[in-house]
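Working notes, beginning with the structure itself.
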Amino acid sequence: MVKSQLILGIESSCDETGVALVRAPADGSVPTLLAHALHSQIDMHQAYGGVVPELASRDHIRRVLPLTGTVLAEADCRLAEVDVVAYTRGPGLAGALLVGAGVACALGASLDRPVLGVHHLEGHLLSPFLSADPPEFPFVALLVSGGHTQLMRVDGVGRYELLGETIDDAAGEAFDKSAKLLGLGYPGGPALSRLAEQGDAAAFKLPRPLLHSGNLDFSFAGLKTAVLTQAKKLGDELPARKADLAASTQAAIVDVLVKKTLAALQASGLRRVVVAGGVGANRLLRAQLDAACARMGVRVHYPELHLCTDNGAMIAMAAAMRLQAGREAPNREYAFDVKPRWPLDALA
């Protein structure tokens, strides 16, 4: 009888170090998260106004093994019980990815266990399966983060069709760069969203790029320019109107994300949506998409709020689901294999 598999997942693609343990049942049912631990580098990078790759890599080195110990203790498991060691193969910062790959390969070799490199975006895409109400295939997925904004048709694990993507800045970049223009510090997206709650979203008429383009692509670079222009026009009035400009900026970004997602639903004929990635935690996005989808009779699934950011749980879950689906076999090559640039729709 084939036993369940215990999978250790390691995330180190950018500025969060995450480790998790997932149990994948032999019968193919949804894997179970046993424990996870996460360390954010936000405080370290704040002084620089953004992520410093070298510092990120060094901090991953310091954190990943202690986090592994924490997770094993929380799950009441021994390292020797791990069947597969999974890690984020890409996309991401090359040096940061190599830390996770190196630790995974070292653990795998020392335990004589296979390793499996996981696509970071597939981790986000499948993260709602960690919730109490997991989605069912097929569905439309909105992947929205600091570095990516994509609409995908998802028919199963490893069966992804790109419907549309940003042609310039990602939605998360639009939040962060607009926040920087308003002097809100790092990380900018959450700061802008908090300030927006105090403002009037109708105060400024900002563009909704590509909203009526007839396709499912996004563009946010022009919005950033419009925010800069408006901030300069306000001049000395900016401090008093900053909340209004933040609210108007957030409204423009969310409006485009929601309407493009609805268009993807109509084009595909699907009745389920998954929203994943850091921007998926945005309250306005959730409220507006929930309301619009409720009117259409469409179900919306999100990761738990604490799993919207990068984390090891999504990497362990993606590895478990790929193994269950027979999409990939783990290996004992221990090759430190990473792919800093790696389109999700190229994943078999």
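Even glycines carry a Cβ here, placed using N, Cα and C.
What Swiss-Prot records for this protein:
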BINDING   HIS120, HIS124, ASP310  Fe cation binding site
BINDING   LEU143, VAL144, SER145, GLY146, GLY147, ASP176, GLY189, ASN282  substrate binding site
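Structure with Swiss-Prot features highlighted.
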{"residue": "HIS120", "record": "Fe cation binding site", "DSSP class": "helix"}
{"residue": "LEU143", "record": "substrate binding site", "DSSP class": "strand"}
{"residue": "ASP176", "record": "substrate binding site", "DSSP class": "helix"}
{"residue": "GLY189", "record": "substrate binding site", "DSSP class": "helix"}
{"residue": "ASN282", "record": "substrate binding site", "DSSP class": "coil"}
Coarse DSSP state, helix versus strand versus coil, of ASP310 (Fe cation binding site): coil
Rounded distance in angstrom between the Cα atoms of GLY147 (substrate binding site) and HIS120 (Fe cation binding site): 11
Site with most surrounding Cβ atoms, counting all protein chains shown within 10 Å, from the binding-site residues HIS120, HIS124: HIS124
Between LEU143 (substrate binding site) and HIS120 (Fe cation binding site), the C-alpha gap once rounded to whole angstrom: 11
Most Cβ neighbours inside 10 Å, all chains, among the binding-site residues LEU143, VAL144: VAL144
From binding-site residues VAL144, SER145, ASP176, ASN282, the one whose Cα lies nearest ASP310 (Fe cation binding site): SER145
Check: same-chain CB within 8 A of Fe cation site center, minus HIS120, HIS124, ASP310: GLU11, SER13, THR88, LEU121, GLY123, SER145, GLY277, ASN311, MET314, ILE315
Nonlocal neighbours by CB distance (under 8 Å) for GLY146 (substrate binding site), same chain, sequence gap 6 or more: ALA170, GLY172, GLU173, ASP176, GLY189, GLY278, VAL279
HIS124 (Fe cation binding site) and VAL144 (substrate binding site), Cα-Cα, nearest whole angstrom: 9
Spatial neighbours of ASN282 (substrate binding site) that are distant in sequence (at least 6 apart) but have CB under 8 A: GLY189, SER193, GLN250, VAL254
SER145 (substrate binding site) and HIS120 (Fe cation binding site), distance between Cα atoms, whole Å: 12
